[in-house]
Structure formats: C-alpha cells, structure tokens
Amino acid sequence: MIDPRSDAELLSALRDGDRGSYAALWHRHSDAARRYAYRLYPARVDDLVSESFLAIYQQVTTTDKGPQFAFRSYLKTVIRNTAIAWRKDAERVLTSDDLDQVEVRDGLSALEQQASSADVLAAFQALPERWQRVLWLAEVDEADRPDIAKELGIKPNAVSALQRRARTGLKFQWLSRQIPVSLRDDRSHVARLIPQYLTEPNNLTVGMEVTAHLEDCAVCTDLLHNTRGGAARLQGKTLAVLLGAAGLGAPTVSSLSSGTAAVAAFAGLSGWLFAGSLGVATVGGILAAALVVGPLSSSQAEALPVVAEAPATGVSDPEPDLVRSPSPDQIPPRAPVTAPVAPTTGRWVTDPSIPSAGLSDDPDQYFPTTPTSPKPADPGTPGPGTNPESPLSPGVTSPPASTGYISPIITGRTTPGESVVVALASQRYTPTVADDGSWNFDTRALQYDAGTYDYEVWSFDETSQSAVTAGTFTVIPIQVQGLEELTGTEDMTVPEAQTTGVVIAVTGPPNGRVFITSMEGHSATIDLDQNGYTRKRLLMDAAGWYYFTMRALDSDGYWGPAYEKAVDVYDPDIIFDPWGGGPDSMTFELVDP
C-alpha cells in the first residue's frame, strides 16, 4: 500500500518516533537512489544507498538537523558526499609503487618553505588589528560565529563579511612580499600591480594595464606565473608541514582564554597569539604560521626574528601603490572588442553595486510567528437559502474578485443581529458580527498555497437564510529569478559561493517585504521598491546543502505561499560529513550585486 503522506509529513512523523515513516520513505525513493548511486560508485551501489539512508535516519531521529522536506534532493546530496568520501579513503592506500615515488625533501626546498612561512607571518602582522582578530578567532581558535560577533561587537551575520575582507587582505599582503624590492617602485614594469591584479579580479583598470604590459614583458610574465604558483603551492600545505618548515615541534592551538599576557614578547600580533603555543591559520587558502613564544632557551630566543613594534596597520615592506579607477579619458586605448552582455541574475555576476541584507540566527532577529487559524463553524450551522428575494443579506463589501501575494480579508456589513457564514475550501466559518453589523473574515491565517479560490458568503437568523454572495481570489507566489540553473547537487564551489555567489531578482508586492529563511534557521527580511522589485547577491559562507524558503510578508506578519530552492555548495578537495557544516558555519548573506 502506498503511503499517501508527503515527504514532509513522513519526516515529521519519523521525528516523532514513527518508524513506519522511514519504511515509506525507503520504498518511495530507494529505486531512484540506486540509479543515482550507480552513476557515482557502480561497484558499491547497495552499500552506498543503505549507508546514505541510515545516515539520514540517524540524523533525523537523534539530532535537530536533517531534512524537513525535499527528501530526494537531500538524499542525493548525502549519496554524492558519501561516494566522494569513500573514494578519497580508497586513494589513501599506498602501494609499493607509490612508496617508490616518494621524494626525499632536500635542503633547498626546506629553506624555500621556511621563507614562505616567514612571509605569511609578516603578512598577518601587517593587517589591521580587527582583521587579525577575526582571522585568529575564526581560523585558529575555531570560535563559534556568535562568540566572534560578541567579541568584536558586531552582528553574527557580519562576521563572514569581515572574515572575507581579512582573508583578501592577508592574500594581498603575502603577494606584496613576493615582489622583488627592485621592481616595487619601477614604473616601467607592472610588478607593483600584480598583488592587486590577483586579489581584485574585477578591477578593470588594473586588469587592462597588466594584460597589455605582459604582452611585451617577459620579466613581469614570469613574475606573475611564479607568484600565482607560489600561492597555489601554499594552499595545499598542511599545518604540520608548515610548522615543520619553521623547525618547530608538534603544534598546539591554545583556546581564546589562554595566556594572552605573553603577547608582549612577540610584538605586532595584536594580542591574538597565545603563550606557549604554536598556531597556524588557514586563511583564504594560505596557511598563516603564528609563532608564539613561551619559555624559550637562549638559543631559541636568538633564532626568533626580531619584530619591531608597529601600528596595527603598518607594513614592514613598502606597499605598492593601489590603482584606483581613473576617469574614462585616462584609460589607455584598447582594440575594440565585442563584449558579451553581462547577466543581471544568476552566477558569475560581478557588478559591485548590488546592495546587502544579511541573514541571522540572532534570537532577537524578527521572525514572523505562525498565526492561529480560525476554527471551522459548528456542524449544525445552516446552509444558504434558496430564495433570491430573501430580505437577509451578508452585505459583502470586499471586491468580488481579487489577486494578491497574500490571501485577502473578506469584509461586509449585515443587518445587526444576523450571523454570517463564509464557505471556503470545503470548510465553513462564522466570523464575529459586531453590534453595528460589520464583520470581516481574515483568510491570511489559513496560509493558502498559490492558486485561485472560490468562496461563498450568506447570512442567517433564527428563521431563515440569505442567498449566496459568491466571490473569488487568486494568490500568486513571489517571482525569483537567478536560481533556475541550480539543481541542488554540486551547484558551486565554496570560493564561488563566498565571492560572487548567485544574484537573484525578487518580484513581489510593491513596497512590501520578502522573508527568507534556510533549513539551518538563519533568516533575513528584504524590502521591495515601489514596483515590488529588488536584486540581491546571495552569498553562502561554507560547504553544505542550503534549502531556502522565500515568502511575501505583509505589515501584520502574515506570509504568502513559499518559493523553495536547494543550493549545494561543495568543496572538491575537502570532505565534510555527509550533510555539510552545521548551522554555525552554514550562514548566508544577501548583498547588493
């Protein structure tokens, strides 16, 4: 027998202890799961499907995470992540041939790695104190986002934006130190612009100048290649490798509360390096080695580099001049090219002018409450009369037909003393009639899906009933553009999700609002203009399966039908658990493109 309940109802029942719901989900989705698993791991199809179903079962029944709806999309994501994890595990088995290919590290490579570690440390010291703090707390101390926000005095949703800016700043400072001193002020080359070129891909002026110069300059071409390659090599280094390059033992990472008084012994780290420990921050793909002093021997103390006291924003090496966007007549002439029309929504939209409104899991954040639905009328409530000449009338005053993003309030004024019945969607309701005969029936609390609904209204007294007054209303969903090509499976990588993300255009009620929430509990409210339109950039802060719900929201807190969409953000090099990160990391932001 086929269970008629929806996936959402089955999942809710499973959370309440109904194990039969799990069997119904298995029968409904296992065949599709096998077909999908066969594409990913043909040799272990049954194992992969069973493991994925079991993982979701354990998550739903033992934690407050897991899907609440869209079960099949969620299941496919778990299957895909599990298959990747299994393949990664299989690749870790070394054969004798692999062992023969192990390259013994020579002294030169060790020195190169040690120099890179020193450059990363110097780059970290050159950052403003606020950037150092957010990177240390997030990437080394692994503090939760709400704790970081409290420490820095900002909202939890602003932590991600600050961390991204700090990561970009660290990358810029590290790249600046890879430019030979002799070329940093040489205006006949573009070496001074390479750090900006690599960290600001949307800077048209820098891009044009560097590209034009590289056509004729082998020196800058080689430098760009080597600089970019060095950053790529650092990106793959592990914590142990980087600390080993500095000649140090096994690393430990102190907690936020430990040993902060010792920072005076190591100037320039702005109070975020802790006594007796070594820390490494993986920031934007660059490993920042933070060498922190505890009790040292005299020989160890002499081996440490001397760092002069400097302001938090100071830089030990001269910084290259940043190129600002010039006026149009200053841009060097280029051969005319036919540029494609830039998309206004979707992925890869680089327009820097799109505004922001971030999501939050702050308990004080506005969240509309589910309204109390009106109770149906008593079964003994009389039906409508058949006499069109009856003196009774419900006196409906609302329009007989209407269309909106949220269902309407049906209003009227009948004769005082009469009662009113509203029949809607196979239910009857008896709204309260005031002493002056006025009444209203608020359909918003019934939370209807998009569609057209017919209703009937009549009045009655102790002896008779009026004829029916009929009406209709149509509920329309908000329109969301930009997410059409996303399937909910491997939609975009983490770097793309954190930088360009996806630009969405939302159309809804003029001067209205749209409420957006994710499965992890983060939410935001965005305003629409006088035409009922806005355009936002949706940024996601970590790998994971995001399920977004968007609804029109009126001034009283009632919402309209939902627009739902899944977005899968993945990291091809790092395998997390089958469901991605937790709510603390899977935040998202809406910014102006």
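Each residue, glycine too, has its Cβ placed from N, Cα and C.
Per TrEMBL, the features are:
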type: COMPBIAS; residues: 336-345; note: compositional bias 'Low complexity'
type: COMPBIAS; residues: 371-382; note: compositional bias 'Pro residues'
type: COMPBIAS; residues: 387-405; note: compositional bias 'Polar residues'
type: DOMAIN; residues: 25-92; note: domain 'RNA polymerase sigma-70 region 2'
type: DOMAIN; residues: 119-167; note: domain 'RNA polymerase sigma factor 70 region 4 type 2'
type: REGION; residues: 311-412; note: region 'Disordered'
**Fill in**
For the compositional bias 'Polar residues' (387-405), the distant same-chain contacts (Cβ-Cβ under 8 Å, at least six residues beyond its ends) come to 411-415, 418, 420-421, 437, 439, 457-461, 464-467, 469-478, 508-509, 512, 552, 560
**Asked** With DSSP, how much of the domain 'RNA polymerase sigma factor 70 region 4 type 2' (119-167) is helix, how much strand and how much coil, in residues?
**Response** 39 helix, 0 strand, 10 coil
**Fill in**
Per DSSP, the compositional bias 'Pro residues' (371-382) contains 0 helix, 0 strand, 12 coil
**Within the predicted model, mean pLDDT of the domain 'RNA polymerase sigma factor 70 region 4 type 2' (119-167)** = 79
